[in-house]
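Q: Okay, handing you the structure first.
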Amino acid sequence: MSEMVNVHGWMEEALSSQDEMKERNQSAYDIISGLCHEERGSIDGEEDDEEEEDGEKPKKRGPKKKKMTKARVERFRVRRVKANARERSRMHGLNDALENLRRVMPCYSKTQKLSKIETLRLARNYIWALSDILEQGQNAEGKGFLEILCKGLSQPTSNLVAGCLQLGPQAMFLDKHEEKSHICDSSLTGHTYNYQSPGLPSPPYGNIDVHHLHLKPSSFKPVMDPSVVTHTLNCTTPPYEGALTPPLSIGGNFSLKQDSSPDMDKSYAFRSPYPALGLGGSHGHASHFHTSVPRYELPIDMAYEPYPHHAIFTE
């Protein structure tokens with residue numbers, strides 16, 4: 001009987017201890033929850049203050065940037081090194097393939113290396129030319145084959161192709177020059193030449209016929225020894241093949257029949273202000289050259305004093 005009383009007392013003590021523990025846990029939970037509410041309230045208050053201060057600035061959106069740790073930096077470096085190695089190997093393979101393509105082209109040169117785009121263009125033209133040879137039965141050494149090969153290529157590449165085929169660098173342009181020469185010959189047989197002058201009206205000056213031009217003899221009289229004059233006349237200059245000047249009267253040598261004026265037909269003598277030296281004499285006074293034709297004087301506003309006719313001695 002006494003044992004049962006002891007067991008009952010022990011059970012009551014255990015229950016009372018459990019109740020005390022529950023009360024303690026509840027009080028601790030209440031304290032923690034109160035602290036959490038206070039912290040949340042303070043954080044909300046701080047955020048409200050920041051929003052009021054920075055109300056004009058937009059909020060940053062998107063994923064947050066992770067911190068760069070040593071492990072991440074190392075991973076990035078390894079990834080970049082691998083990407084560079086892949087790109088390097090790809091470019092090496094491309095260059096090797098282009099070099100093999102250059103070797104099978106009809107103009108392979110170790111000194112003059114074709115660019116990538118020129119190599120691809122030449123390969124396209126080569127395939128095109130070979131297909132034409134197979135279809136039409138043409139000769140691979142003709143000019144047509146060379147023209148197909150050089151279509152769309154630059155001038156140095158075209159010269160290289162022509163040199164390798166032993167046709168000369170300008171062989172592909174011979175037919176074109178011949179056609180141009182025939183066109184020029186046919187145009188030279190015409191009678192009318194059109195010259196455009198920018199500063200003059202077109203009716204009498206823009207167009208001119210060949211039969212309207214005639215060469216007048218020079219109106220200047222020689223003032224030196226006739227032998228020197230004949231020597232200078234025999235020395236002729238090569239003809240000028242460029243474009244002719246507009247058909248105006250220049251120096252009284254050229255004139256137009258339709259625009260001829262009486263003043264231009266007059267011949268004016270040339271008189272030198274200096275005394276002429278005798279070409280055959282050794283020493284002595286120089287003889288003056290006088291002409292009976294009156295000289296032509298231009299009106300000049302400023303005063304002009306001629307040089308005195310004094311004797312000139314040769315030393």
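Here the Cβ of each residue, glycine as well, is placed from N, Cα and C on the backbone.
Per Swiss-Prot, the feature compositional bias 'Acidic residues' maps to 44-55. Under the heading domain 'bHLH', Swiss-Prot lists 78-130, citing sequence analysis as support. Positions annotated as phosphoserine by Swiss-Prot, on the basis of a curator's inference: S89. Annotation source Swiss-Prot lists region 'Disordered' at 39-71.
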Q: Mind tallying the domain 'bHLH' (78-130) by DSSP state, helix then strand then coil?
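A: Per-class counts: 41 helix, 0 strand, 12 coil.
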Q: Looking only at the domain 'bHLH' (78-130), report the model's average pLDDT.
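A: When the pLDDT values over the domain 'bHLH' (78-130) are averaged, the result is 89.
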